[in-house]
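Novice: Okay, handing you the structure first.
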Amino acid sequence: SLIQFEKMIKKMTGKEPVVSYAFYGCYCGSGGQGKPKDATDRCCFVHDCCYEKVTGCDPKWDDYTYSWKDGDIVCGGDDPCKKEICECDRAAAICFRDNLNTYNDRKYWAFGAKNCPQEESEPC
């Protein structure tokens, strides 16, 4: 679920997820189009694509099982669909952490769709 994803992001990056990522670049937050603007925005693009591949459950609302082991996220549970959601969220949270050095909220926060032309969109 989005709430679990927020917790993963907070723990991995130390940032407040909604403030830091919900309005970043062309793909972080709701929707997405255009070309990802930097590595963090690409994390969101890949996460959106990952969610598109999930079938049989709702990535935004269905809770899944996960735990922390040695600073890493471990997805668990018996439901393969929910585990898939968890793996999408896990990969994005790690991606955000690994790209903190190029995160640029001054440049890409509240970027707006007008700066993300539909014709520049990439396939998943």
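In case you wondered, yes, glycine gets a Cβ from its N, Cα and C as well.
Pulled these features from Swiss-Prot for this protein:
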ACT_SITE  His47  active site
ACT_SITE  Asp89  active site
BINDING   Tyr27, Gly29, Gly31, Asp48  Ca(2+) binding site
DISULFID  Cys26-Cys116  disulfide bond
DISULFID  Cys28-Cys44  disulfide bond
DISULFID  Cys43-Cys95  disulfide bond
DISULFID  Cys49-Cys124  disulfide bond
DISULFID  Cys50-Cys88  disulfide bond
DISULFID  Cys57-Cys81  disulfide bond
DISULFID  Cys75-Cys86  disulfide bond
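Can you tell me where each of these features sits in the structure?
Specialist: According to DSSP, His47 (active site) sits within a helical segment.
Within the same chain, the residues at least 6 positions away from Asp89 (active site) whose Cβ sits under 8 Å from its Cβ are Gln4, Phe5, Met8, His47, Ile73, listed in sequence order.
In sequence order, Tyr27, Gly32, Cys124 are the residues of the chain that are 6 or more apart from Asp48 (Ca(2+) binding site) and have a CB within less than 8 Å of its CB.
Taking all protein chains in view, 26 other C-beta atoms sit within 10 angstroms of the C-beta of Cys26 (disulfide bond). Under DSSP, Cys26 (disulfide bond) is assigned to coil, being neither helix nor strand in the three-state scheme.
Listed in sequence order, Tyr21, Tyr24, Gly25, Tyr27, Cys28, Gly29, Gly32, Pro36, Ala92 are the same-chain residues six or more apart from Cys44 (disulfide bond) with CB atoms under 8 A from its CB.
In the structure as shown, the Cβ atom of Cys95 (disulfide bond) sits within 10 Å of 17 other Cβ atoms.
Other Cβ atoms within 10 Å of the Cβ of Cys124 (disulfide bond) number 9 in total over all chains.
In this structure, Cys88 (disulfide bond) is part of a helix by DSSP.
The DSSP secondary structure for Cys57 (disulfide bond) is coil. There are 15 other CB atoms within 10 A of the CB of Cys57 (disulfide bond), with all protein chains counted.
Taking a C-beta cut-off of under 8 angstroms and a sequence separation of 6 or more, Cys86 (disulfide bond) has the following same-chain neighbours: Gln4, Tyr64, Thr65, Tyr66, Ile73, Cys75, Gly76, Gly77.
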Novice: Fewest other Cβ atoms within 10 Å: which of the disulfide-bonded residues Cys50, Cys88 wins that one? Let me know.
Specialist: Cys50
Novice: If I take the Cα of Gly31 (Ca(2+) binding site) as reference, which of the disulfide-bonded residues Cys50, Cys57, Cys81, Cys116 has the closest Cα?
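Specialist: Checked the disulfide-bonded residues Cys50, Cys57, Cys81, Cys116; minimum Cα distance to Gly31 (Ca(2+) binding site) goes to Cys116.
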Novice: Which residue, out of the disulfide-bonded residues Cys28, Cys49, shows the minimum number of other Cβ atoms inside 10 Å of its Cβ in this structure?
Specialist: Cys49
Novice: Among Cys43, Cys75, Cys81, Cys116, the disulfide-bonded residues in question, whose Cβ has the most other Cβ atoms within 10 Å in this structure?
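Specialist: Comparing the disulfide-bonded residues Cys43, Cys75, Cys81, Cys116, the most crowded Cβ belongs to Cys43.
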Novice: If one measures from the C-alpha of Cys57 (disulfide bond) to the C-alpha of Cys49 (disulfide bond), what distance in angstrom results, rounded to a whole number?
Specialist: 15
